[in-house]
Structure formats: structure tokens, C-alpha cells
Amino acid sequence: MEMFQGLLLWLLLGVAGVWASRGPLRPLCQPINATLAAEKEACPVCITFTTSICAGYCPSMKRVLPVILPPMPQRVCTYHELRFASVRLPGCPPGVDPMVSFPVALSCHCGPCRLSSTDCGGPRTQPLACDHPPLPDILFL
């Protein structure tokens, strides 16, 4: 009877593994279009623009016995290849640089979170917003 239960468990886990490997229920890490906002304190407007960012699921694991072993590094969806684009904020006073640069994702991968280039926080409940009045969307892809 124990052998039968072990065989049944092995078959169930095997089938579950095949089913799970067919594809994740969430989209994998990839470039997606997103609308972002740009403003500067001295400039009277906010510009929203559409660009590509990295977003999606990265497989992760958590140790069952974290007290005994050190924590496993968690990978995040981050830039693999990128280029930079810029927008000009209209109406900035003299002496204030009106240009705002931002990354455009060309490709993404799951890797360690580097605070120098990645927002490592979780999903946001509200989009980033501006304090100044917005101008119409600009498209950068």
C-alpha cells in the first residue's frame, strides 16, 4: 500500500511538473509599453510620455529553513539592453535645464536588483503622478 501511495504521489508530481512547465500563469519578464510622467520643480508643467519599460514575472524561490541557510537572492525583471531618450519640458525659466532623460527598454531579463537603475519595490497601487498640470502624451518607443 505504501508503495502504491508513493507511486501515485510521484505520478501526480510528475504531471504537475509537466503542466507547470508549459508556461507561467503570469507574463514573463519582457518590455511593455507604459506611460510615465516627467516634471522639474522649477518648470510649470508635467509631461506624460509613453515608453517601454521592463515588467513581468521572474521565477523565485524561498528557503524552507531560512534560519539554517542564508536567504536566496531574489531576481527581478530589469533592463538587459536599453537606450536613453529625452523630453524637453516647455516653459522652464532661464538657467533651468529643460531636458529630462529616461531609459527605453530594448530587452529585459531576470537578474539581481541594482538600485542604481531599477525600482526594486513591488507593484504600485497608483501610477506616478505630477504636481504640475499635465500636457498631452508623447510617444517614445
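Just so you know, glycine gets a Cβ as well, placed from its N, Cα and C.
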Quiz item: Quick one: Swiss-Prot says CYS43 makes a disulfide with which of CYS58, CYS77, CYS92, CYS108?
Solution: CYS92
Quiz item: Based on what Swiss-Prot records, which one of CYS46, CYS77 is disulphide-bonded to CYS29?
Solution: CYS77
Quiz item: Given the recorded positions CYS29, ASN33, CYS113, CYS120, CYS130, which one's Cα is the least distant from that of CYS58 (disulfide bond)?
Solution: CYS29
Quiz item: What subset of the recorded positions ASN33, CYS43, CYS46, CYS77 lies within 10 angstroms of CYS113 (disulfide bond) at the C-alpha level?
Solution: CYS77
Self-check item: Distance [Cα-Cα, Å, rounded] between CYS110 (disulfide bond) and CYS77 (disulfide bond)
Solution: 5
Exercise. Would you identify the secondary structure of CYS58 (disulfide bond) according to DSSP, in three states?
Key: coil
